[in-house]
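Record features, source Swiss-Prot:
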type: BINDING; residues: V62, V63, G64, K65, T66, V67; note: ADP binding site
type: BINDING; residues: V62, G64, K65, T66, V67; note: ATP binding site
type: BINDING; residues: T66; note: Mg(2+) 1 binding site
type: BINDING; residues: E91; note: Mg(2+) 2 binding site
type: MOD_RES; residues: K14; note: N6-acetyllysine
type: MOD_RES; residues: K14; note: N6-succinyllysine
type: MOD_RES; residues: K51; note: N6-acetyllysine
type: MOD_RES; residues: K112; note: N6-acetyllysine
type: MOD_RES; residues: K112; note: N6-succinyllysine
type: MOD_RES; residues: K117; note: N6-succinyllysine
type: MOD_RES; residues: K117; note: N6-acetyllysine
type: MOD_RES; residues: T165; note: phosphothreonine
type: MOD_RES; residues: K279; note: N6-acetyllysine
type: MOD_RES; residues: S286; note: phosphoserine
type: MOD_RES; residues: K333; note: N6-acetyllysine
type: MOD_RES; residues: K338; note: N6-acetyllysine
Amino acid sequence: IGEPINERGPIKTKQFAPIHAEAPDFLNMSVDQEILVTGIKVVDLLAPYAKGGKIGLFGGAVVGKTVLIMELINNVAKAHGGYSVFAGVGERTREGNDLYHEMIESGVINLKDATSKVALVYGQMNEPPGARARVALTGLTVAEYFRDQEGQDVLLFIDNIFRFTQAGSEVSALLGRIPSAVGYQPTLATDMGTMQERITTTKKGSITSVQAIYVPADDLTDPAPATTFAHLDATTVLSRAIAELGIYPAVDPLDSTSRIMDPNIVGNEHYDVARGVQKILQDYKSLQDIIAILGMDELSEEDKLTVSRARKIQRFLSQPFQVAEVFTGHMGKLVPLKETIKGFQQMLAGDYDHLPEQAYYI
């Protein structure tokens, strides 16, 4: 635990900090609300992230959580220019290795001098549960140093917060504690709350955290993801059904939520367009049973138009990622928020109804 793994010698430091610490006082916290633009259309439009907020990426196995996190590091961390901390908690060693080498290739990590602005902390799948339980707290402590000592706006990426809970469950079993629901540790809510309360914005700086959350068997009522829900400002839910349609990122536009989706924060235009998009998608969802039984021909002309627009909107929410260029062969795109709002506004107005569905993939 605490050893460098990149074969570049010992870490030279004079300052040490305990990984268990108290959350900041209420008086030191900042309450300003500001949107963090990611360049990912479906996120910025329908469930925007708050600067200094806690964001959860929910999804089952192989729906694209880690790829989305890597794209956020690529888009936000580079544009934002501040410090980033990545805590790899109980995930695949290969993914951690890939991320490290990609950061070197893209210049986020500079091996020649001290200009790098990212810290990587790993406790991968093969590590004992004690190491996996501590690595999330270690990453958080590093982020707190950048916020409190250097006054930075820090981005903290945790992949995967479920493994933090899982490691706590294993440690609890080794200690002989009586398990709670579904075999989790009896201190599940306390463990999660103690960590999450430290991730906040103070008057010195901010920590914006993006946490990938594995959902066991795609069950959002499982105690581990359900306990995490209470602490989040925004949730991005990745859907297997959308991934099966070949739409990536496979973000569910109806299940994903954000606390700052408020006209007083994002503005009336953004709010109205987002709610208009969600209304069409919800109407389409409610018509799907009728379509399955009776077919499209039995729908009214108005419903046919709703279905047509909804299918086009679904495809327009897709986007090629820069970090996935090697797999898809398509160049990644970063879309400004103004362009996103304008594009969907024109779609809702029917300006592009004459175009076929295929035209809506970027």
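Cβ coordinates are placed from backbone N, Cα and C, and glycine is handled just like the others.
Recorded features from Swiss-Prot, shown on the structure.
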{"residue": "K51", "record": "N6-acetyllysine", "Cβ contacts under 8 Å, 6 or more apart": "E34, I35, L36, D153, T201, S206, T208"}
{"residue": "V62", "record": "ADP binding site", "Cβ contacts under 8 Å, 6 or more apart": "none"}
{"residue": "G64", "record": "ADP binding site", "Cβ contacts under 8 Å, 6 or more apart": "L238, A243, Y248, P249, A250"}
{"residue": "T66", "record": "ADP binding site", "Cβ contacts under 8 Å, 6 or more apart": "E91, E95, D159, A212"}
{"residue": "V67", "record": "ADP binding site", "Cβ contacts under 8 Å, 6 or more apart": "P249, F321, V323, A324"}
{"residue": "K112", "record": "N6-acetyllysine", "Cβ contacts under 8 Å, 6 or more apart": "none"}
{"residue": "K279", "record": "N6-acetyllysine", "Cβ contacts under 8 Å, 6 or more apart": "none"}
{"residue": "S286", "record": "phosphoserine", "Cβ contacts under 8 Å, 6 or more apart": "none"}
{"residue": "K338", "record": "N6-acetyllysine", "Cβ contacts under 8 Å, 6 or more apart": "none"}
Using the Cβ center of V62, V63, G64, K65, T66, V67 as the ADP site position, which other residues in that chain lie within 8 Å, going by their Cβ? G59, L68, L238, A250
Packing count at the residue listed as 'Mg(2+) 2 binding site' (other Cβ atoms within 10 Å of its Cβ): 23
Between the recorded positions K14, K65, K117, K333, whose Cβ has more other Cβ atoms within 10 Å than any of the rest? K65
Sorted by position, what residues of the same chain at least six away from T165 (phosphothreonine) have a C-beta under 8 A from it? Y184, Q185, L188, D191, M192, A224, T227, T228
Return the member of K14, K117, K333 nearest to K65 (ADP binding site) in space, with distance defined Cα to Cα and candidates limited to these modified residues. K333
Under 8 Å Cβ-Cβ from V63 (ADP binding site), six or more apart in the same chain: what's there? L238, S239, R240, A243, A250
Could you state the CA-to-CA distance between K117 (N6-succinyllysine) and K333 (N6-acetyllysine) to the nearest Å? 23
So, three-state DSSP: helix, strand or coil for K51 (N6-acetyllysine)? coil
Integer Cα-Cα distance in angstrom, K14 (N6-acetyllysine) to K333 (N6-acetyllysine): 42
Per DSSP, to which secondary structure element type does G64 (ADP binding site) belong, with helix, strand and coil as the options? coil
